[in-house]
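Residues or ranges marked as active site, charge relay system by TrEMBL: Asp209, His247, Ser420. According to TrEMBL, the feature compositional bias 'Low complexity' maps to 637-649, 659-694. Residues or ranges marked as domain 'P/Homo B' by TrEMBL: 496-631. The feature region 'Disordered' is assigned by TrEMBL to 634-700. Marked as signal peptide by TrEMBL: 1-25. The transmembrane segment annotation in TrEMBL covers 710-731.
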Amino acid sequence: MFFERGVIATCFAVLVAVAASAVHTTPAVGPIIPRNDHNNFHYFAVQLDTSRDGSVPSAEILEDRAHQLGSSLGYHFVGRVGELVDYYLFATPKESGGLERWSTEEAEHEHVRHVKRFADEPAVAWVERQIPKRRLFRRAALPSAGQPKAERGRPLRLDDVRKELDIQDPGFSSQWHLVNTVIIGNDLNVTGVWRQGITGKNVTVCFVDDGLDYDSPDLKDNFYAEGSYDFNDHVKLPKPKLIEDRHGTRCAGEVAAVRNDVCGVGVAYDAKVSGVRILSGDLTEADEAASINYDFQNNQIYSCSWGPADNGRAMEAPPKIVTDAVYNGITKGRGGLGSIYVFASGNGGALSDNCNFDGYTNSIYTITVGAVDRENGHPIYSEACSAVMIVMYSSSGVHKDAIYTTDWPGQCTQTHGGTSAAAPLASGLYALVLQIRPDLTWRDIQHLTVQTAVPIDLDDSDWTQTAGGFLYNHKYGFGKLDGYALVEAAKNFTKVRPQTHFVTGVQTVYKEVPQDSVKLDSTLTITSDDLKSVNMSRLEHITVTVNMEHEHRGDIEVWLTSPNKVASQLAAYRPYDGDIYGLQNWTFMTVKHWNENPVGDWTISVFDKINPDKKGTFNYWWMTFYGETAPPPPAAAPSEVASLAPAPSTSAVPEAPPSQSWSAGAEAAATSAPPSDASLSTASQASASSTSSPSIPPPVGISGSGSKSAGYAFAFGAVLLGAAGAGAYYFRRSKEDRTSAEQNYEFKMLNDNEIDAAFEEDQESQMRLVGGREGSSSRDVIFDRFVLSNVDEDEDEDEAD
């Protein structure tokens with residue numbers, strides 16, 4: 001009896017302990033807070049600090065921590081931000097008659113108070129108030145009264161294609177981009193792919209846009225509802241509602257219009273399409289981040305025909321949370337093979353806009369697509385830059401020789417154009433590739449694109465023979481994408497090895513930019529030892545980060561010249577860009593040097609040819625080289641193996657220098673030394689201060705902060721400005737502690753001794769590193785990082801469909 005009582009007592013104690021544990025770890029279920037009730041709630045996106053965990057905890061553990069954080073601070077837990085396992089959304093009710101009746105200054109102080117409460121928590125790495133804004137615009141052709149259609153001539157092989165492939169769609173004869181019967185060869189060259197039964201089966205293209213007419217008879221059979229969502233209205237299906245909500249439907253029709261008796265056919269007419277609606281109203285950054293990861297195991301390709309305003313004066317990068325989402329997509333999407341992000345280059349060409357001032361199109365993680373017209377010419381609207389990888393067919397001018405496709409509601413159109421129409425055609429061709437090679441990574445797709453692109457309009461003076469063995473043009477990239485060549489090459493394509501990258505030291509200049517045609521040069525040297533230190537064998541992308549003050553930013557031209565005398569135009573003259581703050585650690589990107597040997601002297605040249613009354617100073621710059629790792633060394637002979645020490649390493653990748661892990665399942669990532677007082681030398685050679693990564697680096701491949709993009713301010717600059725105040729405390733604590741590659745910044749933090757030494761040595765010159773706005777206090781700049789108030793953005797550049 002005593003034994004039984006002892007057992008019962010023991011069991012009871014265990015049950016009590018388990019129950020107590022459950023009470024401690026299981027968050028109480030609170031009221032369900034909607035994600036978009038901004039009339040009644042303030043919302044805050046929070047990134048949890050996982051740097052002390054060694055490896056990234058499971059999603060369940062992180063969600064439990066988020067619940068506990070909200071409970072301890074008195075905020076409502078709303079939920080995770082999309083597929084970002086360490087980002088969570090919290091809410092607090094707006095006080096009735098409270099903030100809305102306060103002055104702007106009082107309201108901002110209240111917002112600061114909320115942010116600081118989160119920032120002071122050791123579990124928090126980053127926090128930002130979520131304010132719905134309109135900052136992304138469609139990239140359809142500009143509106144016009146219309147122009148007469150070109151004479152299409154007599155069909156030349158159209159009937160044969162119709163008969164062989166049983167295409168009954170009445171609009172097929174108007175789809176010159178599929179079969180050009182007037183100028184033979186000026187099309188996608190895709191019919192030979194269709195004849196092989198390669199039509200996009202088992203591939204889904206997600207259109208992040210303004211909705212999708214999934215009831216259209218031309219789309220409903222190919223609609224993938226599970227991969228669709230409306231982030232504007234927070235409902236499940238992305239039904240178009242506004243009169244201008246036809247853009248996404250048109251783009252989707254280009255890819256997957258069903259082969260039936262309605263309108264025309266899509267490039268991959270057996271592919272599935274999903275819709276994620278974000279362009280039909282204001283959007284928070286957290287919702288944007290969730291949108292580009294939505295169902296990213298099944299949505300393989302994200303077609304994005306939008307971006308910041310194409311007005312010739314905007315310079316904007318994705319916010320930090322969106323940057324992390326893009327990186328999350330290329331590391332975890334498609335089972336770790338990486339989501340394919342396709343972006344339109346932009347329609348600001350007529351306003352001298354340049355896609356290197358757009359942080360979405362100049363990312364190494366996206367494929368930037370410009371437009372080419374029916375005659376293989378350059379449409380005036382299509383933006384050029386060194387980040388353009390390819391071009392695809394679209395309208396010649398406004399509504400002239402445009403793309404025939406599906407329209408909303410339940411209609412067809414022959415006026416779809418702009419780079420908005422070009423990007424989906426590339427997405428459709430990639431769907432054909434993934435049908436036969438679903439194992440290809442995001443970088444494999446980029447390599448295939450570069451290798452199979454067909455140069456066009458060879459009389460254009462900008463074509464350059466690169467040292468990597470390609471022709472390149474800032475307007476056309478490597479050329480137009482040829483469907484048949486792309487798919488045939490994909491069949492036997494050898495997958496590329498993991499990615500590595502090398503970050504140079506900071507190269508200081510601090511010289512006034514000369515006027516007229518006189519250039520200001522600065523040179524750094526890359527050695528073979530630099531490449532060996534990161535195990536790099538083949539160059540892919542290059543990014544160049546520039547800090548420059550200027551009274552009229554658009555006057556600046558920036559060129560990068562390689563050791564092989566191949567020159568990339570990083571920044572072109574933009575007459576409408578009158579920003580007075582210059583380039584504040586803005587990152588440009590170029591693909592022009594793909595496959596080039598980077599060893600030797602790299603020279604950046606800055607020009608200011610236009611306005612002698614507007615002056616500028618070139619402060620400093622650095623480069624990042626991204627490329628493929630070298631193959632593993634040959635296996636040792638049996639006799640040699642026998643002579644080695646016991647249990648030799650058999651790693652498939654040569655041992656890299658020490659690096660830090662990004663996340664569970666991802667390979668090691670790299671960081672570089674900060675631009676401290678030691679590295680800010682005037683030496684002509686850049687110091688090699690990078691480490692190697694056998695895989696993908698942390699998300700530094702998306703452009704950094706511009707004058708209107710406070711959300712991506714450099715960490716070291718924030719610390720230098722924030723030597724006093726609560727904001728400085730937060731930045732110093734969170735960034736010094738977060739030494740893993742999970743951080744979003746290229747550079748680790750300076751410690752207190754380094755900061756003090758830097759101030760004592762040259763306080764004035766060090767403060768110039770920040771690139772902050774004149775008249776801003778350190779507190780202002782630091783809390784701008786959290787977007788506590790609406791940044792003065794250009795809100796008047798609505799773009800018609």
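Just so you know, glycine gets a Cβ as well, placed from its N, Cα and C.
Sequence features, as recorded in TrEMBL, placed on the structure.
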| residue | record | Cβ neighbours (10 Å) |
| --- | --- | --- |
| Asp209 | active site, charge relay system | 30 |
| His247 | active site, charge relay system | 29 |
| Ser420 | active site, charge relay system | 31 |
Between Ser420 (active site, charge relay system) and His247 (active site, charge relay system), the C-alpha gap once rounded to whole angstrom: 8
Mean predicted confidence [pLDDT] for the domain 'P/Homo B' (496-631): 96
Length of the line joining the Cα atoms of His247 (active site, charge relay system) and Asp209 (active site, charge relay system), in Å: 7
Counts by DSSP class (helix H/G/I, strand E/B, coil) across the domain 'P/Homo B' (496-631): 9 helix, 80 strand, 47 coil
